[in-house]
Each structure stands twice: as structure tokens, then as C-alpha cells.
């Protein structure tokens, strides 16, 4: 198949305005293609979210491609040089919402699977795709529930490639063999409201909170390790008061987030925060939300297969990285021992005029196909 096969499918997907969590039949289009080459396709839907599980073969190893058909809203349409849902070729790029994140990856893998099956119809092992329309949104009815379903069935995943746009300067320069965890907190410090002229009759929660936050910001939570940078603590929001300058507020709220490595656990981070707050004598309420545990795939079969495929196709030696935000890889890592993320350049994702280089579509497809060959056809 030529590069046009990938391009045609990408265009079909971009033309469907699948703003999260609406799939707009993107997955139906994929299922029709996959069923023609022997995949068994199943829709798992909940809460307005559409998920596709498509599998070909029953044996091991099971290699999975994971992705999402949903996209973020395009923002002001008048800021785009062309309609975000009318795929447009211009100056060597394909423009449209989802072009880089991540409809090109999905199209490239589907065509790669078609080529692989055509060349190896009796291939060993199994190939599957896990596609959701709830990655850009709350991510509560998407990949996570499919993983729960697969666990309950006893389906054993061996390898998973998540098609996130990981490349930075050139296709193949970076892939992600892990991600940091995310732990958020909402801290409410209680005071006593009063008149600023009579501070002895009030208790200012801002004054109480400030030294505690200063201490938390200064803490070295860990030193990271060979795979992850040190854990970070960032205050993202502060709120107190009525807007008046003559009223001592009755409460103060701080929102904060940890991005943490495998060098720390959520329990350790929580305990240390509580120790600081208690030592400062605060009257407080602290609510926690664990966005995801960190995961890591050390060098092994999957990383070697992908890095080798990238080098064969592009000549680049891919860097293994764990930087960036969270992804659905955090859910898949619970049921799959080896997870890696790889896709096109990410410079324009979530931006106006999102785009992908047309010349990268065929190499992306070839890298996915070569990775399948390395994993399933190796002696």
C-alpha cells in the first residue's frame, strides 16, 4: 500500500468532528476496515463514551495498539487558516484537529496491520487495537473500563504501543517508555472571618497557610532515578476572601499537584504533606485525587522492537523518555507488562492549525509494521 492509503484514512477521520467524548462513527469506520482482514470487533460503551476492542488471533504474544478518536475542541474557528474539520493539504502539511493527536497514528497503524496481515495471513501471536473516545476528557469511561473488562476475562496483553505524538523535532527522535504519576490535592484552611482593623478578633487563614506552603514548595521530595526526574510539587490555584479589602477571610483554598516518579509513592507524599500541615497547627480539610500511578517499561523486547524499527526506517536512534503529562498508558500498564508510546511530532497538538508533515505518514506506518514484524515474526 502507498502513503495515500494512510492519508485517505486520516482525512476520513479528521472530517468527523469527534470532540470528546463524541466518536462520530470514527470507530465504526475503523471496525469496518479491520473486520475485512479478520479482526473480531467489539464495542464497549458507557456514559456516552465509545470504546473499540478489535482482536485478530487467539495465541500469544498479544500485541496491542492503543489510541483515541476523540479530540479537544478546536477553539475559535476564525483563528484557523482552514476549517479544523476539513482536512487540508498545504505547504507539505495536513491540517486539521486531530491530525497529530492522534488520528494519523491510528490510520498509520490500521494500514500497517493491513499490510502485515496481507504479507503474513497465518502470523503467530495476536494483534489487537484498543480505541477510546474518552482520552481527552475525564478518562473515566474509556480505556480504564476496557482494561477492567479484559482483566476480568483473563485476556493477557504482552505488548502495547500507545500512538501518542511523542516525537519532538523529527519523527522517531523520542518515544516514551514510562510516565510520571499525578497526584492532586485541594487544601481548605479554616480561619475566622472578621474586620481587618480588629485582627485579634479574627484568624487569618492566608497568614497561616503561607508559611506551610513555603515549606512544601521548598521540599526535595525525592531525587528521581535513572528513568525519572525528581518529583515536583506545584501550587496551581490560590483563593481566599470576598474581594473586599477590609475583611479577613474565613477560609483559604490551595490547589496543588505532584508529578511523581517511581522513587515515591502516593502514600509517602500524602503523609509528608499532612506532617507539614499538622506541624504548622492548621485547621484544615485536604481532599486527594490520584490521577495515575507512574509506570515504566525497562529496556526489553518491546523497546528493542520499536527502537530497531525506528532506526531502520529513519536512521535515528530514538531516545527513551518519561517526560510529559499522563496518558492512557497508565491504565494499560496495570494489565500489560510492557507499554511504550510512539507517534508523530507534537509541536502543534491542541493548538490552532494543528498539523502533521505529509512526508511522515508513510514512515510512521512503516515503523508500526516493522515493530509488528519484530515482535511477532522474530525467531
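Think of each number as a place in line: the chain as shown, counted from 1.
Note: Cβ is positioned from N, Cα and C throughout, glycine not excepted.
Here the structure is a predicted model, which means the values were calculated and not measured.
Feature annotation from Swiss-Prot assigns active site to 70; the stated evidence is sequence analysis. Following the DSSP three-state reduction, the secondary structure of residue 70 (active site) is coil. When Cβ atoms from all protein chains are considered, those within 10 Å of residue 70 (active site) total 26, not counting its own.
Around the Cβ of residue 135 (active site, proton acceptor), 27 further Cβ atoms fall within 10 Å across all displayed protein chains. Taken from Swiss-Prot, the feature active site, proton acceptor covers 135.
Other Cβ atoms within 10 Å of the Cβ of residue 164 (Zn(2+) 1 binding site), summed over all protein chains shown, number 29. Residues or ranges marked as Zn(2+) 1 binding site by Swiss-Prot: 68, 101, 164.
The Zn(2+) 2 binding site annotation in Swiss-Prot covers 101, 136, 350 and is backed by sequence analysis. For residue 136 (Zn(2+) 2 binding site), applying a Cβ distance below 8 Å and a minimum sequence separation of six or more within one chain yields 20, 68, 70, 71, 72.
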Candidates 68, 350: member of the binding-site residues with the richest Cβ shell (10 Å): 68
Any further residue of that chain within 8 Å (Cβ to the Cβ centroid of 101, 136, 350) of the recorded Zn(2+) 2 site: 71, 72, 98, 102, 349
Intrachain C-beta neighbours of residue 101 (Zn(2+) 1 binding site), sequence separation six or more, cut-off 8 angstroms: 71, 72, 164, 165, 346, 349, 350, 354
